[in-house]
Amino acid sequence: MSLVRAGSARAAAGWIAAFAAAAALAAYSGIAFAVGEPRGTVVIPVAVALSLALGLIALTRFFVFVLIVLGVRASLDATKLAGSISPSGGGETAASWLDPSSMLGALFIVAGLAWLVAQGRRAEPAPRLLPVAAGLFLVACVLSALGSLSLGTSAGEVVRIGAVLVMIFVVERLADQDPARIPQLLIAVFAAAVLPSLVTVQQLLTGDGLVELNGSLRPHGTFWHPNALGMFCHVLIIAGVAIFPHAGRNAKIAIGSVLALAGVALLGSGARGAMIAALAGLVVVGLLQNRRLLVGLGALVVAIVVAVPAVADRFADLAETRTEGGLEANSLVWRFDHWSQALDLLGLNPVTGTGLGTTRLLIYKEVHNDYLRALVESGLLGLVTYLGLLAALVITAVRALRATGPAGGLERGCAVAFAGCVMALLVSAISDNAMTSVVVMWYFAVFAGIAARLGVRAAR
């Protein structure tokens, strides 16, 4: 009994010390903000304080830690310390290791890997295809970093991709240990959409915080770029529509509210690629779950085109190729020109590539095509393993669908959601930077982890 009391006392002392340190750093940050100190002076102490608190939670309540991480990650890009939004989608957006989002990613990798190791071997079979494909892709990324033209930049990209992969396997193991955790994970995912969507609505209504990109004023919510906002919204919309029929009454009200907010944010973002990806994902959801959704989807598209001229205008300029001055008339034409420039870099190292994240350093723009990015930045080896990872995701989705069946309840909804999200990823990878939009991929990873657990039954 005395040992138990002593352990409890030490744990309580640890909590008190951690929160005292966090409070002190937060107070310092508040004073710094009040006296007009630089942004880093304000943000870094708060980030360190939160990291200390989250680290302690990870040690004592790991599942709670995961829920908190999912709940806050979508709102952290607003706290980046350096850089600016560029029309190319990221020419000046290299992340700092002192950004709160980077700190959280590093903390999650350490805590997630330690937790996975501590769980030991499991009695029942584990999914193998996705871990093998993910491992091979990560090896290709590491090899690319070792021969990179900018080791620091590539190392950061490897860590960010690693965090997404760790999230997949952490969620899979959590769902394996207790399927009752799946609804809680879903709550955290949908709750994460509330603040970014509300900020986007506020930007649209007031005009504050809008960014000018190629002559258009666009909101970006709490994200670094409007395109990232759009990709985040299409993941939440596809998942929400798939899960909605399987939710209870109160949950339907909550999901419906999130869908409405995310829909407004998606349209407001002006991210054409994200809109097309959302449409592709919703078509998959309709085909798998209820084909009447396809009729409603068609009607909704027509209504949006008629009622929201800004959306129609975003697609109308695709008919033009060049302006009178000879410049690209739209971002699609710009992408075609830019892809040829990026492809020229392949000759620098065709086997392992120039290094992850180096394209924006060499030609000052993001690639805007993940297939081409994999080829140029990680070489032929990276492209093959990236395609292998995508194939593994497709197979995982098929297995999850087979394991659940049409009457599978919430699990079926999760399987359909993941299938729709995979389709959206395949589409968005053609013209967007999904691979480097780590904040978006974290939420995609939740559904990947759940689907991997569901698919084990079909693989037996």
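Our numbering is plain: 1 for the first residue shown, then up by one each step along the chain.
Backbone N, Cα and C define each Cβ position, glycine as well.
Note that TrEMBL annotation is computational and uncurated.
According to TrEMBL:
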type: DOMAIN; residues: 258-387; note: domain 'O-antigen ligase-related'
type: TRANSMEM; residues: 12-35; note: transmembrane segment
type: TRANSMEM; residues: 42-74; note: transmembrane segment
type: TRANSMEM; residues: 94-117; note: transmembrane segment
type: TRANSMEM; residues: 129-152; note: transmembrane segment
type: TRANSMEM; residues: 182-204; note: transmembrane segment
type: TRANSMEM; residues: 224-244; note: transmembrane segment
type: TRANSMEM; residues: 251-267; note: transmembrane segment
type: TRANSMEM; residues: 293-312; note: transmembrane segment
type: TRANSMEM; residues: 380-401; note: transmembrane segment
type: TRANSMEM; residues: 413-431; note: transmembrane segment
type: TRANSMEM; residues: 437-456; note: transmembrane segment
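Among the stretches 129-152, 293-312, 437-456, the one making the largest number of Cβ pairs under 8 Å with the transmembrane segment (380-401) is 129-152. The list of residues near the transmembrane segment (224-244) in space but at least 6 beyond its ends in sequence, with Cβ under 8 angstroms from a Cβ of it, reads 74, 77, 80, 83, 85, 89-90, 93, 186, 189-190, 193, 196-197, 200, 211, 213, 218, 252, 255-256, 258-259, 262-263, 265-266, 269-271, 273-275, 277-278, 281-282, 285, 289, 293, 410, 413-414, 416-417, 420-421, 424, 428, 432-434, 437, 439-440, 443-444, 447.
Take the transmembrane segment (437-456) and the stretches 182-204, 251-267, 293-312: counting Cβ pairs under 8 Å, 182-204 has the most. Ranking 42-74, 251-267, 413-431 by CB pairs under 8 A with the transmembrane segment (293-312) puts 251-267 at the top.
On the 0 to 100 pLDDT scale, the domain 'O-antigen ligase-related' (258-387) averages 85 in this prediction. Beyond the ends of the transmembrane segment (413-431), by six or more residues, the same chain brings 182, 186, 231, 234-235, 238-239, 241-247, 273-274, 276-278, 280-285, 288-289, 332, 335, 368-371, 390, 393-394, 396-398, 400-401, 403-404, 444, 447-448, 450-451, 454 to within a C-beta distance below 8 angstroms of the stretch.
Sequence-distant contacts of the transmembrane segment (251-267), counting only residues of its own chain at least 6 positions beyond either end whose CB sits under 8 Å from a CB of the stretch, comprise 190, 193-194, 196-198, 200-201, 204, 219, 221, 229-230, 233-234, 236-237, 240-241, 243-244, 274-275, 278, 304, 308, 310-311.
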